[in-house]
Amino acid sequence: MNHLTTAQEEQLKNIGTYLQHCREEQEKSIEEIALKTFISLRSLKALEAGRCEDLPEPVFVQGFIRRYAETLNLDSTRLLQSFATEVVSQPSDSPDSQAKHSEPTPISRSRQSDRLYRQPFLLCIGIGGIVAIGGLVYLLTQVLKPQPSIPAQESPTIEQQLNPNEPTVTSTPAPTVSDPNFPVQITVEMKGESWVRVSVDGKTEFEGILTEDDSPKTWNAKNELTIRSGNAGAVWVSLNQKTAKPLGEMGEVKDVTFTE
């Protein structure tokens, strides 16, 4: 993982220590967590140890934290808010806002989890000194702001004006035919939840979270179309109306480029 400040690396280490402590308190093995979250053992161990160099991009790490926390019945929203990294789907924070959020720490809903987390974090406070203490006090007193939601993309509709004096004729829609000007047609259907980015002829056309509740989405390209997914097994792809296949394995971060 690249482009993390020293404060953000410290936050990630705190979260990893907290998750490991809660897992051990609940007597769950890391292999059990890997099976339930579809996250590789290598990534889970790197997350618990705070080894940033062995982890993927921050947007994928946020997905790991959310799935890990929910498996342990923890408050994943507050844990994600404490990991103050910039994600492309969220607006950038101002310098003043980044300074105020430089030292957030995860807070659980139950008093028991809070006590479990407090012990390992006291060591970090001692190392961080006055700056870390000030950041902790600010986190406990500030009002948490909800994350902005990504608006759903709606397909444009065409309103056809009909002559009221003429009878309405209902026709059977013809099957979809590929546009010869755009020979690469990709249809994406979700079998789970995943972060997805779609680039058409080098230009990003979509980026966000898709779930099995979303309807299938179709993109067309003249030369090539690239799909990047944080959970490739949940993304099923059909090329030019052929049988859909998974982009990869569950929990796998993968890029696939389709050409004519």
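Just so it is clear, glycine is given a Cβ too, placed from its N, Cα and C backbone atoms.
For reference, TrEMBL has these:
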REGION    86-112  region 'Disordered'
COMPBIAS  86-97  compositional bias 'Polar residues'
TRANSMEM  121-140  transmembrane segment
REGION    149-180  region 'Disordered'
COMPBIAS  150-166  compositional bias 'Polar residues'
COMPBIAS  167-180  compositional bias 'Low complexity'
DOMAIN    188-257  domain 'Cytoskeleton protein RodZ-like C-terminal'
Secondary structure composition of the domain 'Cytoskeleton protein RodZ-like C-terminal' (188-257) [DSSP: H/G/I, E/B, coil]: 3 helix, 40 strand, 27 coil
Averaged pLDDT, computed only over the residues in the domain 'Cytoskeleton protein RodZ-like C-terminal' (188-257): 93
